């Protein structure tokens with residue numbers, strides 16, 4: 001910034017990932033934490049609660065929100081009809097079973113006497129996938145006479161830690177209707193198959209299981225394999241590579257359909273299969289596939305067919321501000337970097353003109369309960385510097401701690417995670433107030449406020465359907481409208497910036513400033 005440049009008034013959007021609101025104190029890591037900064041802000045500034053789940057974010061009624069959906073709604077300023085909902089509707093209407101891309105993958109494999117390998121997160125969590133979609137894809141291929149092999153990635157993160165058995169039994173029952181035509185041939189925890197932080201040693205174990213049947217253990221059935229994993233102290237998320245029955249590996253001429261609909265944790269394994277110049281690890285076998293199909297577009301640079309292309313999204317807040325010549329910053333640590341960039345921009349990979357991105361590496365630990373502060377302090381250092389610089393009209397930051405540590409199910413670590421975020425927010429608050437700026441503090445969905453699952457009796461590692469905080473910090477008092485949703489945040493930010501709201505944004509302004 002030159003001396004002649006007028007310093008910009010900062011407008012900061014803080015996304016406290018996975019921090020929802022729950023009145024009950026029991027098993028509530030947020031209420032157990034010491035949060036003097038947030039308490040002070042709630043005393044001095046207006047605050048409310050908004051919805052981040054179900055139909056309010058374009059998901060089925062009662063479905064918990066997630067980070068991808070949350071950030072897309074936050075950036076879009078409108079409720080977006082999610083891939084989960086689109087695909088479920090197509091299955092219900094029968095359209096899915098005639099889908100050109102999916103049918104082509106099956107028929108191409110059949111034409112060369114190859115098999116169809118279906119892989120994905122076998123879970124009813126509905127965050128990265130849904131088991132009903134996997135069942136439908138198996139039915140599509142089986143009814144067309146294909147040989148079908150299922151490679152099950154187990155959840156235990158968006159579902160209770162030990163909850164995979166009913167899902168495995170559901171698929172076993174389906175395959176029993178088609179004797180000798182298909183079965184579950186492998187399973188592995190999502191910790192290995194669905195990394196998103198370039199931990200290629202994990203992904204390699206999943207890849208070798210699929211391409212070489214290289215396994216830590218073998219079992220005669222999927223349920224037996226699960227029992228062996230539990231006996232070894234592994235929960236679903238961490239189940240080691242398990243071969244089911246006789247060895248089945250992906251062969252030349254086979255097709256693969258990856259049934260995850262959320263992109264971020266599907267990219268790495270997909271790249272291992274389709275990239276010619278892949279360098280994550282040394283591939284012992286590289287099958288020459290008839291087709292590799294991504295259920296949705298995991299990344300624009302991945303050269304593979306896509307069943308459900310993203311719907312065009314115009315005038316997200318990022319695009320709109322860029323077109324007006326405004327400047328913006330997106331900042332997060334690795335675990336949530338894609339969310340404040342790709343997802344917040346409605347599925348756009350590239351920066352907009354006037355946009356700057358800062359990526360802070362997440363700590364290299366096995367699970368984040370070992371370092372619950374993660375990289376929050378480093379994120380805050382960079383954010384405060386950016387606020388002080390006067391360079392940016394809008395600054396968007398994600399604090400990953402509540403969600404990533406909440407997913408571990410470790411209560412004491414989750415408390416420390418919340419306290420780390422609160423400490424950081426105290427610093428951000430001081431920086432914003434010093435610049436007479438505006439700040440909205442909210443969350444994409446809940447998680448850390450419920451750490452025990454009362455139905456299963458297990459620790460609660462998944463998201464919740466609770467409302468999330470909405471706090472306004474600024475130089476004047478204000479009134480916040482009730483009944484807000486995540487899609488209202490972008491129009492509200494534009495209102496604070498004294499900019500007209502584009503017609504595409506159907507959300508409403510939630511903040512009325514006192515004159």
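Placement of Cβ uses the backbone N, Cα and C atoms for every residue, glycine included.
Marked as Mn(2+) 2 binding site by Swiss-Prot on the basis of sequence analysis: 17, 67, 444, 445. In the three-state DSSP assignment, the secondary structure recorded for residue 445 (Mn(2+) 2 binding site) is coil. Same-chain residues at least 6 positions away in sequence with a Cβ under 8 Å from that of residue 445 (Mn(2+) 2 binding site) are, in sequence order, 17, 18, 20, 52, 53, 64, 65, 66, 67, 69, 70, 403, 463, 464, 468.
Secondary structure from DSSP puts residue 67 (Mn(2+) 2 binding site) in a helix. As annotated by Swiss-Prot, active site, phosphoserine intermediate applies to 67, with the evidence given as sequence analysis.
Summarising the environment of residue 263 (substrate binding site), the number of other Cβ atoms within 10 Å of its Cβ, over all protein chains shown, is 24. The substrate binding site feature in Swiss-Prot is assigned to 128, 157, 158, 190, 196, 262, 263, 264, 265, 336.
For residue 407 (Mn(2+) 1 binding site), applying a Cβ distance below 8 Å and a minimum sequence separation of six or more within one chain yields 18, 157, 368, 447, 461, 462. Feature annotation from Swiss-Prot assigns Mn(2+) 1 binding site to 403, 407, 463; the stated evidence is sequence analysis.
Cβ environment of residue 196 (substrate binding site): 264, 265, 267, 268, 335, 338 lie under 8 Å away, each six or more residues apart in the same chain.
Each of the binding-site residues 17, 158, 403, 444 was scored by the other Cβ atoms within 10 Å of its Cβ; the lowest score goes to 158. Of all residue pairs in the substrate-binding list (128, 157, 158, 190, 196, 262, 263, 264, 265, 336), the one with the greatest Cα separation is 17 Å apart.
Compared over the binding-site residues 128, 265, 463, the count of CB atoms lying within 10 A of a residue's CB peaks at 463.
Each residue contributes its Cα atom, and for residue 263 (substrate binding site) and residue 444 (Mn(2+) 2 binding site) these two points are 17 Å apart. Taking the centre of the Cβ atoms of 403, 407, 463 as the Mn(2+) 1 site, the nearby residues of that chain (Cβ within 8 Å, site residues left out) are 17, 18, 66, 67, 157, 158, 402, 404, 406, 445, 447, 448, 461, 462.
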